[in-house]
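A.B. asks: These came from TrEMBL, pasted as-is:
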{"type": "ACT_SITE", "residues": "Cys257", "note": "active site"}
{"type": "ACT_SITE", "residues": "His336", "note": "active site"}
{"type": "ACT_SITE", "residues": "His443", "note": "active site"}
{"type": "ACT_SITE", "residues": "His447", "note": "active site"}
{"type": "ACT_SITE", "residues": "His476", "note": "active site"}
{"type": "ACT_SITE", "residues": "Asn480", "note": "active site"}
{"type": "COMPBIAS", "residues": "408-427", "note": "compositional bias 'Low complexity'"}
{"type": "DOMAIN", "residues": "113-400", "note": "domain 'FAE'"}
{"type": "DOMAIN", "residues": "442-522", "note": "domain 'Beta-ketoacyl-[acyl-carrier-protein] synthase III C-terminal'"}
{"type": "REGION", "residues": "408-428", "note": "region 'Disordered'"}
{"type": "TRANSMEM", "residues": "57-76", "note": "transmembrane segment"}
{"type": "TRANSMEM", "residues": "96-115", "note": "transmembrane segment"}
Amino acid sequence: MSRSNEQDLLSTEIVNCGIEPSGPNAGSPTFSVRVRRRLPDFLQSVNLKYVKLGYHYLINHAVYLATIPVLVLVFSAEVGSLSREEIWRKLWDYDLATVIGFFGVFVLTICVYFMSRPRSVYLIDFACYKPSDELKVTKEEFIDLARKSGKFDEETLGFKKRILEASGVGDETYVPRSISSSENITTMKEGREEASMVIFGALDELFEKTRVKPKDVGVLVVNCSIFNPTPSLSAMVINHYRMRGNILSYNLGGMGCSAGIIAVDLARDMLQSNPNSYAVVVSTEMVGYNWYVGRDKSMVIPNCFFRMGCSAVMLSNRRRDFRHAKYRLEHIVRTHKAADDRSFRSVYQEEDEQGFKGLKISRDLMEVGGEALKTNITTLGPLVLPFSEQLLFFAALLRRTFSPAAKTTTSSSSATAKTNGAKSSSSDISKPYIPDYKLAFEHFCFHAASKTVLEELQKNLGLSEENMEASRMTLHRFGNTSSSGIWYELAYLEAKESVRRGDRVWQIAFGSGFKCNSVVWKAMRKVKKPARNNPWVDCINRYPVPL
């Protein structure tokens, strides 16, 4: 990346740090300059090969889409030229065996079509675990717990406090009280206790809401990135609920905050090959086991954002569940950037200089995340956008491909466009048309990683405050709960009674690797009243709040 483009991704902000309490400058006001890295500008950097990948999904079915209208037109033209008497005369001219054979082939074709097409996957219901109030902390209490452990110096605590103040995380998030302990808490015992609490809490609620017995579940997928004991967490669930012996169980580890959508994708694939089955997807992360106690600032950041949480989702491919399911799975698009070294190391678990294990956050994370997000949404576009938007996008694609001006324009055309009108028109030709995703979806659930990430997403995708409300309020109320966060956001929309029949919900999450994954749901019915165990039910009237 050129030096000018690198500077374009940076923004500065002057922060008032208050009065200096001690030292030679005691009593004087102090200020600091905060430099932030922004997401890349999608208008300038969309790679069109990913748009072609999105159209590839449609091209795979083009034979069926093109053949059926042609057959209908030929049949209509043939029949339309005949009178009623001529039609009956032609039918009587055929013998009985020919007519039966024709209808046999017709019925066989219809049967093969319905048997070969993918089974619809329905979301029956989902549950989000809400810890007890004993584990609730304010930002100030969070710093006090860290100080009480005796593992952090005042400089590190001050850094944590500054990060928290700008994070968007509120004063009612949940953490395990063990973080205040002076002893080592990253133990298997501590991890299993926290896992049992959040996973069983979410599953108990799910089985109660769906009235599905644990023994009726045919597929189980559990994802937890950091904590991966032996026996696995999926085995722990099977043992606790005494599930059946032939259950298909999977345990996903090390896949970051986007693993929840990967788990849904795996469950969908299993349901395609196992008819009349239920699948349960559990997404969580262990805060205590991932607690970093060193002084490396790039590894302290996850401590400030990650909070306790867990989601459990019940999926089904049974046709009779169509009537009482909440949502139907429409699309899943997965993007993986691990082939690039910067992306691979942008979120990296390692030991610091003192030997303490933690997650190291690279300074390239915002840029890497922006590239993965850009790839994912441009691939998703052709699958979900209305035809009018796709026409505009395709016209821009052709203009960009065949225009001589576009071929000679470099990636820095934004700077060139400022010089004169001719260059500006050349830049306009080279810019890809970014579709309006608000025409494709009614609701947005973006992974609530941080306040800064959500602000950049809103700006680059041209979304409104209302579109970002669920993500921002989830960050404020529950913090970053990793792969389960997008389900707390959907629970917020349901608590607000915003979801109506036919609405499309876009959930998008990104995580280590670097990965960015999208899933699209279509509401099967209106959610009239939030369930009594919805995690927002006791506080929804207070939201939204300003961050």
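Our numbering is plain: 1 for the first residue shown, then up by one each step along the chain.
For all residues, glycine too, the Cβ spot is worked out from N, Cα and C.
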A.B. asks: Please identify, from the active-site residues His336, His443, His447, His476, the residue with the sparsest Cβ neighbourhood, meaning fewest other Cβ atoms within 10 angstroms.
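C.D. replies: His336, out of the active-site residues His336, His443, His447, His476, has the fewest neighbouring Cβ atoms within 10 Å.
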A.B. asks: Could you give the Cα-Cα distance between His476 (active site) and His443 (active site), in whole Å?
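C.D. replies: Rounded to a whole number, the Cα-Cα distance is 19 Å.
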A.B. asks: Across the domain 'Beta-ketoacyl-[acyl-carrier-protein] synthase III C-terminal' (442-522), what are the DSSP residue counts per state (helix, strand, coil)?
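C.D. replies: Its residues divide into 39 helix, 21 strand, 21 coil.
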A.B. asks: Rank the active-site residues Cys257, Asn480 by the number of other Cβ atoms within 10 Å of each Cβ, and give the residue at the low end.
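C.D. replies: Each of the active-site residues Cys257, Asn480 was scored; lowest Cβ tally within 10 Å is Asn480.
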A.B. asks: What subset of the active-site residues Cys257, His336, Asn480 lies within 10 angstroms of His447 (active site) at the C-alpha level?
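C.D. replies: Near His447 (active site), where near means Cα within 10 Å, the active-site residues are Cys257, Asn480.
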A.B. asks: Using Cα coordinates, what distance in whole Å links Cys257 (active site) and His443 (active site)?
C.D. replies: 20
A.B. asks: Quick check for the class: what is the C-alpha distance, in angstrom and rounded, between His443 (active site) and Asn480 (active site)?
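C.D. replies: Here the two Cα atoms lie 20 Å apart.
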A.B. asks: Provide, as an integer number of angstrom, the distance between the C-alpha atoms of His336 (active site) and Asn480 (active site).
C.D. replies: 21
